[in-house]
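A short worksheet on the structure shown next.
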Amino acid sequence: MARLLPPTGTSVFRRFTPESLVEIERLIQEKSTREELEGAEEEPQAPSSDLEAGKCLPMIYGDPPGDLLNTPLEDIDPFYKTQKTFIVISKGNTIFRFSSEPAMFCISPFSIVRRGAIKILIHSLFSMFIMITILSNCVFMTMSNPPAWSKTVEYVFTGIYTFEATVKVLSRGFCIGPFTFLRDPWNWLDFMVISMAYVTEFVDLGNVSALRTFRVLRALKTITVIPGLKTIVGALIQSVKKMIDVMILTIFALAVFALIGLQLFMGNLRQKCIRWPILNSTIFDVYNSNMVNDTTLNVTDTFDFKAYINNEENQYFLEGSLDALLCGNSSDAGRCPEGYTCMKAGRNPNYGYTSYDNFGWAFLALFRLMTQDFWENLFQLTLRAAGKTYMIFFVVVIFLGSFYLINLILAVVAMAYDEQNEATLAEARDKEEEFQRLLEQLKNQETGSKASLASQKTQSRGSNRTGSLHDLADEDVIKDCNGRIVPRLIVNRVSSNKELSAEEDQKSLSSKHSMQYLDQPKLSKRTASALSVLTATMEGLEDAQRPCPPGWYKFADMFLKWDCCAPWILFKKWVHFVVMDPFVDLGITICIVLNTLFMAMEHYPMSPHFEHVLSVGNLVFTGIFTAEMVFKLIAMDPYYYFQVGWNIFDSIIVTLSLVELGLANVQGLSVLRSFRLLRVFKLAKSWPTLNMLIKIIGNSVGALGNLTLVLAIIVFIFAVVGMQLFGKSYKDCVCKISEDCELPRWHMNDFFHSFLIVFRILCGEWIETMWDCMEVAGASMCLIVFMMVMVIGNLVVLNLFLALLLSSFSGDNLSGGDDDGEMNNLQIAIGRITRGIDWVKALVASMVQRILGKKPDNTKEEGEGDIELYALNHLDEGKMADGLTNCLSPTLTVPIARCESDVEEDEDSESSDEEDAKATLNDGDSSVCSTVDYQPPEPEPEPEEVEEEEPEPEEPEACFTEGCIRRCACLSVDITEGWGKKWWNLRRTCFTIVEHDYFETFIIFMILLSSGALAFEDINIERRRVIKTILEYADKVFTYIFIVEMLLKWVAYGFKTYFTNAWCWLDFLIVDVSLVSLTANLMGYSELGAIKSLRTLRALRPLRALSRFEGMRVVVNALVGAIPSIFNVLLVCLIFWLIFSIMGVNLFAGKFYHCINTTTEERIPMDVVNNKSDCMALMYTNEVRWVNVKVNYDNVGLGYLSLLQIATFKGWMDIMYAAVDSREVDEQPSYEINLYMYLYFVIFIIFGSFFTLNLFIGVIIDNFNQQKSKFGGKDIFMTEEQKKYYNAMKKLGAKKRPKPIPRPSNIIQGLVFDFISKQFFDIFIMVLICLNMVTMMIETDDQSAEKEYVLYQINLVFIVVFTSECVLKLFALRQYFFTIGWNVFDFVVVILSIAGLMLSDIIEKYFVSPTLFRVIRLARIGRVLRLIRGAKGIRTLLFALMMSLPALFNIGLLLFLIMFIFSIFGMSNFAYVKKQAGIDDIFNFETFGGSIICLFEITTSAGWDGLLLPILNSGPPDCDPDFENPGTDVRGNCGNPGMGIMFFCSYIIMSFLVVVNMYIAIILENFNNAQEESGDPLCEDDFDMFDETWEKFDVDATQFIEYDRLFDFVDALQEPLRIAKPNRLKLISMDIPIVNGDKIHSQDILLAVTREVLGDTIEMDAMKESIEAKFIMNNPTSASFEPIITTLRRKEEERAAIAVQRIYRRHLLKRAIRYACFMRRSKRKVRNPNDNEPPETEGLIARKMNTLYGSNPELAMALELETRPMRPNSQPPKPSQVTQTRASVTFPRPQGQLILPVELTSEVILRSAPITHSLNSSENATTIKESIV
């Protein structure tokens, strides 16, 4: 920032007068004249970013004088000095910039009207008035039924907006010139709003409600009024711009997947179970006879087949389902019940909107799948209709589409935010530097003692400013009312002595850290006089620290500092001593934990006694916390007490607790009890991770201020738009979506419900509400609105939220904790306790030794221990004086302490002892932190790595540890002779066996076989006796093999090595389970419950594969490293959720019960059944039940389950409906009676779900980055082999540039080669591919035969065209065709297309397999993928995916392993549960395939609520324990609720929260890497482009072009290598080598243009080596070329020649003049002494040389000039006249080239160039010279 420092003070502000305008016009004229003279424009300046319109005036300018405020002033930005602008500065020092042109062509800037308008416009009250108007207007817009007088109010609003626009137009002008009304895009919004208001008022445009929606844009006006919002909207727009590539790729991928879906599943979702055969036998006979005779039914027949199958009464419906049951005709599809057959009939599911019948609906289905909204429904419908095999399609779409592309959007938004953040920080740093330079300048101006004081003040303030940049946002800093940091010295002082001594005064002045001295009265007066110059410039810095009004100090001294008398001060000291003791802190923490436990023990139903105990407990805890607050107030004084954040927090909670006790019996205020829960947050004081989480949320919410406002505006706008557009439709067409014609829960008829729908869309749930909307209001408008909310709100703004959250994580904050070297009081107390226990142990040990008569030899240590204990206790007493602040504000008080110790060196040495003791304590007890916060160990090699790095031992190690051998001498064996030698030989043999590769391979094979065997033990095993017997024997064999393996390893490795390896332990435990199970079977105890449950643990067998497969092992190692951090966050999340769970119990316990009709499962209305007793009375006469919602808030455990369902948005609707309908305990719920309970769920979703679940992504990414840096930046998810693949992929990315394909010598081939090499040909083929894609999109399920025929013919044409293209390329490119990857791809696609065309006929005729037919048709979609070839951005993203593949494969393996294990568990435990909710004949745990399908669904957290519900059935009447399962002895269809909840929760945490987030972490990292590579100035595409352009200039592939064509070639390149014409000078200066024949080599040109882009950097050197190496590799046989000259050298030679010519021509001119003079004197007979000889000799010599050595035009001209007769009386022309005279002379060279025209000037300068240029008198000499050069 090399800008000159602007002048300080107010002298820069000058009124804008007519003279100022004249001066601007003069400067503009001067600038244009200068440009004309110099012939080139000046470097464009940029306006100062500090002086932009809308920003505050920088403090360096000071405050403008009052009379210059709100007055037009001359522009202070140098950039605008030559532009017609002026500025006005408002009272808040905000800059406004206006055009000085007359507004509307008539109102000059000096007009009273315009000045008045400007004053109104910039006044803060005007902005406030407009803001209030907009907010009021927004309130009126939310009214669904506005009152009659609202029309008048509407006119008022329109009038106000018109007035605002008029003021703006009068003050700024309308649209001509800068800074006018329409030049600001935000004003377009105003213009549109006002125009629409008048248009709708005066022109009848029909649909009024639709036009009223335009009014909602007024809400966007808030963005124009609030300054910070414009910035954040700018950032959003930037992120959207950056998302274009990802968006294109996403849409392209969606289109491809939609086409695949269209081909595979077209029409499948209409296959329903139809009642068949028809009961009426006659109709059936008619139908049957017609079918047999192969004729269709006659229209006159009575039986209407179409009407029959479309009649819903003939279709099979499941209980409670809105759509008929789907089915399929393939073997693994859904089956129909008896009496029904599968036919295509009726409409598609979900009002007909879920289908693949045409491209549009298929695209919507795939978008829904990609955004994972209710995709389990689509998954279940498709698999039921098409078959389970098609799960593969969903796996690909979920992993590629949902996990990869959706997270790419997150990556792009995060990147855009980071860039924005970087730019902001850079700007702040620049300002800081400029400010510091200014301070230096100001300091230099000051002299004497005043100057020194001033500089001290400046430094102090400057340091404050620097600190503010790196503020840690800690709430724990102790500040006084001025906002200044209060030193400990003052906080802890309780004596009445308030004056500093002179010595202390001096010390405090000498310390730069103490900031108190400037506030002392005498000093501040002197300083003020010294700083009078700086007052204006420094004022901005004091904003944050403005002192309180003087009255407050008196008030504080009198009432807030309790220092009344000596006894009170003594009492206060004692209270301080007790309250600040670490043990009191420990006690309070224990009370907080106990209080939390007491609150968590509330449940329904509770016995009165238990309720009483909890009530008393609450009173006790409230008393304890109140007492703590009171004592702290006494100890610290209110003045200092309320300067600690935690104390304020405590006081608020205590006050609320006391208020709640007082209002305990008031109805409706029970919610106050919830505030007690906030005490849990007090744990954050002593729990760093919780503290850190709260800080992250705090920082994010702080940073999100503006973004939250933008999101609120978006939500508001869309809620109002929805209400205005669709509200009436919901009311009028409600019967379409509701059986009882009542409004459903989700509608847009009023603002609140409309807001809830928009919020639900932001949560990612949009499809179900959109179906309702489309049904009542039409598809098109609903699609547009819902998609806009989804894309803008969810994908952009919410991802920006997440990006902010991720950016809140810094390096080690989750694992390192608060490593500030100080411990909190809790740690000190625990340290004391442990030391006390150690001391007691030592005491007991010494007493025992004395009793036994041994003399203790540790007297010295004991003495030292006493000293240490004394020192530590003494230290603790010292710390008590520090109080609570010691652990709250360590980072800010350390420097102060250091300064004090510097000046107080002569104090008692006791303090230094304390310091030493303190240091010892901190070092020794750092482990206390590690129990809470995992700290990664120093980078030591892990066991596996050690094995890899060090040579493995050739012989077995010792069996036992040295300790064992010392204690048991018999374990020591001599291995040199006897039994010992035999034992040693046996061990060596075993060692050789287990180390052999064959043994390891065999064991892996056995593990895979035994795991595979488990998959067969499904529900059908009892019916397959043979398989069951085989599996039983196999199980025994596997067990024996694994036991033998374990014994071999014991003998080979020894117990020491075996049992110190974690993987061996895993093997040992799994073998033990098999062993116990086998033993129990042999003894006949296999039916025991314990043994049965133990048998399920066999599912862990596949875990043994972990250590054998390196790919999985590296992922598990990385995961194990992350477990402490993940566990930490999980614990913090559980604490966070505990608050919401307890609150839920307080609000909803026992209130979810309701009375239902057991036959219809519907709730009985409240007017029939009011409460539980009414229901019980009905129970004896009717089929009714008083039931609870299965997932509820009756206790904290169930509350947690409810919150997990809400956080994953699965099953949350039922919970929310129950909450909103709830009344009181034992009362029948009523529809939406408790409407605002929705807010509980909204708040939890924001804080509990959004923040905490996304925290997992943050912690995983953060932890893996740490591990990566620990291992030196290596990828921790890849094996060594995979790293080789990764590097190979990287090399492929930077592949060598192919050698240009030589043009064939054959004429016809050459013509074809030229044709296919043209860009037009590529564009033509791309257009055809797009058209082909369009024709595929046109296909529909119910298309006519004609349409099908036409599409078939079109497809035929495309196949012919693409085949022709392939043949042409093969013909022209010869063998080189297959050297290009894309050509091979095209070739394969063409072959497949032809094969598909031929096979489709054969399949249709001979094999009726529609599935196979469809799969073959997919080959056509391959053509679409060719489009990728043309898109650089998309290739980058796909390359990032290719780079991610090895790591993703490893994670996929781990995920499959987890799914495998859990599916075996599921088969063991949940195979026989009742089929209801999410469990049916396809989705269940009966077989391994079904289990895998269910678990794949849950991997994305989808549908787990439906699978859990049947498992929660624990007994009658929900399920039947005696239910007989056919084909097996197992009875009952009840679930196991405890096991089910554990199973699903653990799987969701492991897969959805951990493994899937690892997947996301890898994608983000690889995307960043790919972006960094593509963000390089040059990439491989640029070099490819260079080659393509080169081929056009060097058709014969000689690798050379002529020097004259160089300039055209470089101009023909694309950015960034292109150098546009005129480029002659630039290229000449590049010093490019030229070889014989005036030719230049391609490599030299490439190096030159590359250097131009990269500059002389290290990258350039590397690039040069790479290019040269590749060239040598590509052209091993090419002849070497030696440059004879370079472009720059040639130019220098030309210049030298011209210089010589110029000198010589001057000499000739002088000669000619002398000759003329000689001739004249001769005629006049006047002789000169020197005129002995005529001066023509040189001319004669030159003429002779010209004759001998060829024609030289310059010389010829000179000679001609020399011999041309001159008039005797002619005067030599003036230089200016000669300059304006031009002549164009062209002379032929001997080689036949044209030479340059000669330009005649006063110096007779003759220049040459390779082109002929005709000069005319109007052209500027300088311009022509430059163009020639």
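Cβ atoms are placed via backbone N, Cα and C, with glycine included.
According to Swiss-Prot, the protein has these features:
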TOPO_DOM  1-124  topological domain 'Cytoplasmic'
REGION    32-52  region 'Disordered'
TOPO_DOM  144-150  topological domain 'Extracellular'
TOPO_DOM  172-185  topological domain 'Cytoplasmic'
TOPO_DOM  204-209  topological domain 'Extracellular'
TOPO_DOM  227-245  topological domain 'Cytoplasmic'
TOPO_DOM  266-358  topological domain 'Extracellular'
DISULFID  C273-C327  disulfide bond
DISULFID  C336-C342  disulfide bond
INTRAMEM  359-383  intramembrane segment
TOPO_DOM  412-582  topological domain 'Cytoplasmic'
REGION    446-468  region 'Disordered'
COMPBIAS  446-467  compositional bias 'Polar residues'
REPEAT    564-836  repeat 'II'
TOPO_DOM  602-612  topological domain 'Extracellular'
TOPO_DOM  687-702  topological domain 'Cytoplasmic'
TOPO_DOM  722-750  topological domain 'Extracellular'
DISULFID  C735-C741  disulfide bond
INTRAMEM  751-771  intramembrane segment
TOPO_DOM  772-782  topological domain 'Extracellular'
DISULFID  C773-C782  disulfide bond
TOPO_DOM  802-998  topological domain 'Cytoplasmic'
REGION    901-957  region 'Disordered'
COMPBIAS  902-916  compositional bias 'Acidic residues'
COMPBIAS  923-933  compositional bias 'Polar residues'
COMPBIAS  939-957  compositional bias 'Acidic residues'
TOPO_DOM  1017-1029  topological domain 'Extracellular'
TOPO_DOM  1049-1062  topological domain 'Cytoplasmic'
TOPO_DOM  1109-1125  topological domain 'Cytoplasmic'
TOPO_DOM  1146-1196  topological domain 'Extracellular'
DISULFID  C1155-C1175  disulfide bond
INTRAMEM  1197-1218  intramembrane segment
TOPO_DOM  1219-1235  topological domain 'Extracellular'
TOPO_DOM  1258-1320  topological domain 'Cytoplasmic'
REPEAT    1301-1599  repeat 'IV'
TOPO_DOM  1369-1380  topological domain 'Cytoplasmic'
TOPO_DOM  1399-1411  topological domain 'Extracellular'
TOPO_DOM  1429-1447  topological domain 'Cytoplasmic'
TOPO_DOM  1466-1487  topological domain 'Extracellular'
INTRAMEM  1488-1510  intramembrane segment
TOPO_DOM  1511-1540  topological domain 'Extracellular'
DISULFID  C1519-C1534  disulfide bond
TOPO_DOM  1564-1829  topological domain 'Cytoplasmic'
REGION    1765-1786  region 'Disordered'
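Projection of Swiss-Prot feature records onto the structure.
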residue: C273; record: disulfide bond; DSSP (3 states): strand
residue: C327; record: disulfide bond; DSSP (3 states): coil
residue: C342; record: disulfide bond; DSSP (3 states): strand
residue: C735; record: disulfide bond; DSSP (3 states): helix
residue: C741; record: disulfide bond; DSSP (3 states): coil
residue: C773; record: disulfide bond; DSSP (3 states): helix
residue: C1155; record: disulfide bond; DSSP (3 states): strand
residue: C1175; record: disulfide bond; DSSP (3 states): helix
residue: C1519; record: disulfide bond; DSSP (3 states): coil
residue: C1534; record: disulfide bond; DSSP (3 states): coil
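If you draw a 10 Å sphere around the CB of C1534 (disulfide bond), it holds 22 other CB atoms from the protein chains shown. DSSP labels the residues of the topological domain 'Cytoplasmic' (1049-1062) in these numbers: 11 helix, 0 strand, 3 coil.
Within its own chain, the topological domain 'Extracellular' (1017-1029) is flanked in space by residues 1467-1468, 1471-1472, 1486-1488, 1525, 1527-1529, which lie at least six positions past its ends and keep a Cβ under 8 Å from the stretch. Residues 142-144, 350-351, 353, 368, 371-374, 711, 715-716, 718-720, 722-723, 727, 745, 782-783, 786, 789-790, 793-794, 798, 1209, 1235, 1238, 1242, 1245 of the same chain sit 6 or more residues outside the intramembrane segment (751-771) yet have a Cβ under 8 Å from a Cβ within it. For C1519 (disulfide bond), the count of additional Cβ atoms within 10 Å of its Cβ stands at 19 [all protein chains shown]. Predicted-model confidence for the topological domain 'Cytoplasmic' (227-245) is 75, expressed as mean pLDDT. The most densely surrounded of the disulfide-bonded residues C273, C342, C741, C773, C782 is C773 (count of other Cβ atoms within 10 A of its Cβ). Just so you know, of the disulfide-bonded residues C327, C336, C735, C1155, the Cβ with the fewest other Cβ atoms around it within 10 Å is the one at C735. Here the Cβ of C1175 (disulfide bond) has 23 other Cβ atoms within 10 Å, regardless of which shown protein chain they belong to. Mapped onto three states, the DSSP output places C782 (disulfide bond) in helix. Cα to Cα, C273 (disulfide bond) and C1175 (disulfide bond) are separated by 38 Å. Candidate disulfide-bonded residues: C327, C741, C773, C782, C1519. Nearest to C342 (disulfide bond) by Cα distance: C327. If you look at the topological domain 'Cytoplasmic' (227-245), the same-chain residues 6 or more away from its ends with a CB under 8 A from one of its CBs are 54, 186, 409, 412-413, 415-417, 419-420, 705-707, 709-710, 713, 796-797, 800, 1433-1434, 1436-1437. Annotated pair C735 (disulfide bond) and C773 (disulfide bond), C-alpha to C-alpha distance, rounded: 13 Å. Beyond the ends of the topological domain 'Extracellular' (1219-1235), by six or more residues, the same chain brings 604, 745, 752, 1147-1155, 1163-1164, 1166, 1169-1175, 1241 to within a C-beta distance below 8 angstroms of the stretch. With C1534 (disulfide bond) as the anchor, the candidate disulfide-bonded residues are C327, C336, C782, and the one with the nearest CA is C336. Distant neighbours of the topological domain 'Cytoplasmic' (172-185): 53, 83-85, 97-99, 101-105, 121, 165, 191; these residues of the same chain sit at least 6 beyond its ends, with a Cβ under 8 Å from one of its Cβ atoms. Annotated pair C1519 (disulfide bond) and C1155 (disulfide bond), C-alpha to C-alpha distance, rounded: 19 Å.
Sequence-distant contacts of the topological domain 'Extracellular' (144-150) (same chain, at least 6 residues past either end, Cβ-Cβ under 8 Å): 723, 727, 749-751.
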